[in-house]
Amino acid sequence: MAIEIKRKAPNAHTVCEIVKARWGTAAHLVFLAFCFLTNIIVTAMLLLGGSAVVNALTGVNIYAASFLIPLGVVVYTLAGVHVVLVIFVYLVYTASNELGSPGVVYQRLLEVSSKSRVCQEPLSHDGQSCGPVSGNYKGSYLTMMSSGGLVFGIINIVGNFGTVFVDNGYWVSAIAARPSSTHKGYLLGGLVWFAVPFSLATSLGLGALALDLPITASEASHGLVPPATAIALMGKGGSILLLTMLFMAVTSAGSSELIAVSSLCTYDIYRTYINPDATGKQILRVSRSVILGFGCFMGILAVILNKAGVSLGWMYLAMGVLIGSAVIPIAFMLLWRKANAIGAILGVTTGCVLGITTWLAVASIEYGRVNLDTTGRNAPMLAGNLVSILTGGAVHAVCSFWRPQNYDWDTTKQITMVEKEKSELPVEELREEKLIRAKAWIVKWGVGFTFVIAILWPLLSLPAGEFSKGYFTFWAVIAIAWGTVGSAVIIALPLMESWKTIQSVLLGMFTNDRLVEKVEELNLKLHTILLAIPEAERIYLLEKEKAKKNDVSQKDSDSVSVNA
């Protein structure tokens with residue numbers, strides 16, 4: 001999708017700008033509302049989880065934390081998660097006194113899900129998971145054969161499609177990226193990101209079960225499993241490490257959401273409907289005001305949600321119901337020339353309404369009442385998520401076949417940049433054949449990795465039934481390796497790519513500006529001479545090669561003399 005947006009709307013600032021250019025004002029306003037809703041939901045999840053964990057680790061009032069976190073994000077936006085992850089993974093499986101090896105974790109997991117387990121005080125606490133797991137093969141935690149896991153996986157995929165396709169933050173990143181590196185960067189980023197949920201769940205998640213920590217379902221839903229495990233294993237040091245990790249993660253993701261909302265307000269509202277001739281300074285001023293205003297609004301919303309008892313888990317499962325209907329229409333907008341405006345509007349609104357209706361209806365029919373508890377269960381969430389995303393796509397497809405638009409992408413390519421500034425990208429970056437090659441590459445490798453991770457790997461794990469000790473050890477080793485490699489990549493790669501800039505900065509620190517200017521001027525003169533006289537470059541290369549050979553010969557003769 002990032003490649004397609006470069007091909008068909010190279011100067012766009014937001015995904016909603018493309019909607020307006022292709023489908024007009026009515027569709028623009030509808031999709032703008034869904035994009036804002038997505039940003040609100042994602043930011044709410046960050047604040048709900050963040051404030052609950054900060055409260056659990058530090059004792060800070062949960063409502064104060066709800067305001068302090070967005071304040072930190074605002075400061076971060078205006079002005080080493082992986083390292084902590086690796087520490088926890090190695091701690092659980094190699095260094096901990098309580099656990100310390102895959103074998104110990106394996107044995108503990110067998111014990112906590114055993115049928116002979118006593119699920120009464122003082123061995124077990126009220127609300128704590130105890131005994132065989134309902135819906136899992138043999139009631140075990142050590143299996144991929146889990147009906148609950150399958151349902152959660154489907155809900156997770158629908159919801160995350162929503163947060164990617166409808167969250168303007170992802171589109172802002174796609175628009176800003178260089179086309180030549182977008183496809184490889186996204187694939188590498190996805191593989192590195194996967195280390196976070198996979199390695200954390202395998203370490204802190206299974207660690208909590210293996211330690212038999214008295215965590216209730218409500219506490220788990222609020223995201224308190226990682227801090228409980230961290231404190232149990234490391235005490236105060238663990239809480240500090242996790243708090244550091246949490247702050248970095250929430251600040252980074254929250255910053256992205258603030259930028260996304262700021263882009264929508266400045267380009268899709270202010271520049272589109274209020275001041276079409278806005279200058280760069282005016283855009284920046286509005287952007288900063290929006291960041292401050294939205295940060296305050298989210299603090300208030302987080303307090304309201306906490307007061308209402310809405311948890312991170314509930315919000316995470318419900319997001320697909322609320323925004324999933326916009327996923328397929330947005331994909332159609334960039335990939336299908338027949339997709340029309342009326343179908344897009346009807347698809348997203350009908351899908352959302354039917355998804356919410358189905359969600360609440362299933363909760364009422366299955367459990368006899370509608371509240372936070374019943375609406376947060378698997379059956380209503382699964383039904384609502386599937387109806388939302390499938391109805392949105394089906395309605396849009398039917399309308400588009402009935403009255404196809406047959407769009408040529410001309411108006412999206414005419415979207416202008418602020419103050420008509422020229423793009424800093426070289427012309428060859430936007431060449432059609434180069435973008436098509438990049439698209440073919442990412443389709444091949446992206447689809448391949450997705451198939452392996454999301455389908456093939458789970459399927460190949462099914463015949464194992466309940467994992468043996470050796471199989472679980474292999475699983476733990478993969479989690480450790482993936483987290484370690486991901487951390488190495490995320491730390492080393494930016495340094496490698498920025499090495500020339502780092503060298504320039506260091507050179508500037510230890511030399512004076514005049515010397516650097518003289519060297520750069522001399523380099524420019526030599527470069528100009530070589531361009532003007534091609535023969536000079538050939539002679540230079542020959543002399544350079546000759547000097548290398550002489551140097552090697554001299555070293556060989558010196559070594560012979562020493563040996564003699």
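Note: Cβ is positioned from N, Cα and C throughout, glycine not excepted.
Keep in mind that TrEMBL annotations are predicted by a computer and have not been checked by a curator.
Since we're looking at a predicted model, the values are computed, not measured.
So that you can see what the record holds, here are the features copied from TrEMBL:
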type	residues	note
TRANSMEM	29-48	transmembrane segment
TRANSMEM	60-93	transmembrane segment
TRANSMEM	141-166	transmembrane segment
TRANSMEM	186-210	transmembrane segment
TRANSMEM	290-308	transmembrane segment
TRANSMEM	314-335	transmembrane segment
TRANSMEM	342-362	transmembrane segment
TRANSMEM	382-402	transmembrane segment
TRANSMEM	441-460	transmembrane segment
TRANSMEM	472-493	transmembrane segment
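Contact between the transmembrane segment (441-460) and the transmembrane segment (29-48) is not supported: fewer than 3 Cβ pairs lie under 8 Å, counting only residues 6 or more apart in sequence. For the transmembrane segment (186-210), same-chain residues at least 6 beyond its ends with a Cβ under 8 Å from one of its own Cβ atoms are 2, 81-82, 85-86, 88-89, 91-93, 99, 104-105, 108-109, 112, 129, 141, 225-226, 228-230, 232-233, 442, 445-446, 449, 453, 475-476, 479-480, 482-483, 485-487, 489-490, 493. Across the candidate stretches 342-362, 382-402, 472-493, the maximum count of CB pairs under 8 A to the transmembrane segment (141-166) is reached by 382-402.
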